[in-house]
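Feature annotations, reproduced from TrEMBL:
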DOMAIN    77-544  domain 'Amino acid permease/ SLC12A'
REGION    1-26  region 'Disordered'
REGION    43-66  region 'Disordered'
TRANSMEM  80-102  transmembrane segment
TRANSMEM  108-141  transmembrane segment
TRANSMEM  162-182  transmembrane segment
TRANSMEM  188-207  transmembrane segment
TRANSMEM  219-241  transmembrane segment
TRANSMEM  261-281  transmembrane segment
TRANSMEM  302-323  transmembrane segment
TRANSMEM  343-368  transmembrane segment
TRANSMEM  403-420  transmembrane segment
TRANSMEM  432-455  transmembrane segment
TRANSMEM  476-499  transmembrane segment
TRANSMEM  519-537  transmembrane segment
Amino acid sequence: MEKDIEKVSSSGSPAPAYDAGYTEETKTGTRFSRFADSFKKNPNARMVTEATDEEGKPLDDQPPAEPALSMALKDRHLQMIAIGGSIGTGLFVGSGSALQAGGPASLVIAYGLIGIMLYCTVHALGELAVAFPVAGSFAIYASRFIDPAWGFAMAWNYALSWLVTLPLEIVAASITVSYWPGAASVNGAAWVTIFLVVIISINLFGVRGYGEAEFVFSIIKVTAVIGFIILGIIIDCGGVSGQPYMGAGYWYNPGAFHNGFKGLCSVFVTAAFSFAGTELVGLCAAETDNPRKTLPTAVKQVFWRICLFYMVSLTIVGCLVPYDDPHLIGASSSDANASPFVIAVNNAGIKVVPSIMNVVILIAVLSVGNSSIYGSSRTLAALADRGQAPKFLGYIDRSGRPLMAILFSSVFGFICYIVAAGTDTRTQAFNWMLAISGLAAIFNWASICLCHIRFRAAWKYHGHTLDELAFKSQATVWGSWAGLIFNILILIAQFWTGFAPVGYADMTAGERVQNFFEAYLAFPIVVLMYIIYKVIFKTKFKRVSDMDITSGRRELNLAEILAEERAIQAQWPRWKKIYKTVC
């Protein structure tokens with residue numbers, strides 16, 4: 001049985017029941033008055049807590065973490081977010097442009113290698129998030145283990161990427177609806193209004209609303225991918241009436257590779273974007289009641305999601321759709337009709353399933369839009385709490401919602417009304433917004449790996465052992481080194497394919513310049529943010545001896561808890577030990 005953890009204040013005395021983020025629900029008054037009262041500010045709530053001395057250095061004897069948020073995410077929410085959270089337009093639609101650019105072999109190789117890199121990255125994040133389940137974790141870890149200026153740049157990079165993702169995904173949803181003839185005649189502004197209201201409403205219900213929505217969305221997406229895998233195998237084996245056996249024919253004609261090595265590099269970039277959002281599991285740790293219990297399981301499940309939902313489904317896609325299929329030409333993340341999943345079923349002559357797949361794509365788009373408000377609002381609230389964003393964004397209400405940050409993030413969704421300006425204007429505007437967020441995931445993954453490497457060095461320096469950690473990365477610190485190096489290689493590949501894309505000889509100088517900045521605009525933005533903050537505040541790169549490895553930890557008697565749990569685990573049968581290692 002898990003022991004109760006008594007919270008203590010920095011002075012050592014028991015903390016009051018009305019703690020940061022923990023408010024006793026009042027039972028007085030009407031239901032409406034209690035609802036209205038929940039939106040009032042919680043004056044004790046802070047997103048980030050850190051006790052420092054007069055010189056600004058962290059104290060050795062830190063108080064336990066005092067979560068400002070509601071911690072209403074359950075185990076089932078976190079598991080489904082981990083399994084299906086990042087399955088979205090990157091897999092269902094973006095894989096079409098990847099197939100067209102590199103061929104089926106490049107598709108499998110690139111997604112496989114990116115999956116290995118992400119496995120190492122998520123395990124590194126899991127170790128950090130279990131040890132320090134703090135809100136706005138990516139930025140806090142970067143500030144704590146690398147450089148406060150880098151933490152500032154990473155936080156705003158991550159927040160901006162999600163802020164522009166919301167209108168992008170809502171417009172993508174309106175385009176997806178146009179797949180059906182009856183909906184195509186309706187003004188796009190009407191659809192974006194419906195989607196915007198739904199997504200904002202879900203997030204205003206707080207983290208429980210987000211968790212329940214993602215739980216349902218993920219079940220639908222996972223079921224759809226498994227269903228497609230089964231149907232794809234039947235189609236490939238000639239099990240559909242009137243369709244011959246296909247096997248791996250498209251790997252020979254038109255071929256396994258397209259556009260050579262540059263085509264493969266183009267697929268690397270697209271594959272990385274397809275996995276974006278996986279890191280949300282770490283951000284959710286701050287709103288989970290017991291991340292020490294739930295987060296390790298969620299992190300381990302990322303491996304199975306990569307293997308089953310990405311590798312198996314894309315291998316089947318490569319067998320069912322040739323890279324020169326005309327429907328793949330010009331495939332983009334906002335064109336559901338270019339989805340290779342839809343094309344594969346259409347080519348088999350099956351009438352109903354393409355509409356079902358488009359419904360799933362629509363749900364996936366809404367899921368990403370839902371996550372965009374969640375990710376940006378939590379990051380902005382943490383920034384505000386550290387004085388790195390407008391103070392009003394740090395408003396936490398009595399239900400544990402970062403209310404002002406949610407509303408601020410929601411306002412960005414209104415940019416989606418640009419759909420009424422016509423196709424050309426919409427395309428140009430959203431290409432540039434996509435450029436702002438284009439490399440965000442790469443920077444954050446590389447930063448997470450570097451934070452883990454630096455944390456391990458600080459942990460050892462301060463005399464701690466790995467046995468004192470509640471969860472250790474299965475990829476070890478060497479996996480973080482591999483993840484860091486691979487993310488840097490992706491940045492190099494993106495630079496090359498942006499500077500000299502496939503077919504650049506036929507492009508004008510102006511088109512090449514525009515293509516480069518659309519592919520690499522995020523890089524100068526991040527560098528500029530880092531330099532400006534560093535020059536103004538004169539921050540220094542964190543030395544191992546100065547790193548804070550104490551603040552943000554919830555449990556004071558962790559050693560006793562771990563000893564008790566490991567004694568119980570030692571009694572498990574072999575099958576259970578193996579199962580808990582991989583799941």
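Residue positions begin at 1 at the first shown residue.
Using the three backbone atoms N, Cα and C, a Cβ is placed for every residue, glycine included.
Residues 85, 87-89, 91-93, 96, 165, 169-170, 172-173, 176-177, 179-180, 195, 198-199, 213-214, 217-218, 220-221, 224, 228, 231-232, 235, 240, 242-243, 277, 316-317, 320-321, 325, 327-328, 336 of the same chain, all 6+ positions outside the transmembrane segment (343-368), place their C-beta atoms under 8 angstroms from a C-beta of that stretch.
Sequence-distant contacts of the transmembrane segment (432-455), counting only residues of its own chain at least 6 positions beyond either end whose CB sits under 8 Å from a CB of the stretch, comprise 117-118, 120-121, 124-125, 127-128, 131, 138, 141-142, 144-146, 150, 154, 157-158, 160-162, 164-165, 167-168, 272-273, 275-277, 279, 282, 333, 415, 473, 477, 480-481, 483-484, 487-488, 490-491, 494, 517-523, 525-526, 542, 544, 547, 549. Sequence-distant contacts of the transmembrane segment (403-420), counting only residues of its own chain at least 6 positions beyond either end whose CB sits under 8 Å from a CB of the stretch, comprise 39, 162-164, 166-168, 170-171, 174, 187-189, 192, 196, 199-200, 203-204, 369, 372-373, 376-378, 380-381, 384, 392-397, 426, 429-430, 433. Put simply, of 80-102, 162-182, 188-207, 219-241, 302-323, the stretch with the most CB pairs closer than 8 A to the transmembrane segment (108-141) is 302-323. For the transmembrane segment (261-281), the neighbouring stretch richest in Cβ pairs under 8 Å, chosen from 162-182, 188-207, 219-241, 302-323, 476-499, is 476-499. Per-residue confidence over the domain 'Amino acid permease/ SLC12A' (77-544) averages out at a pLDDT of 83.
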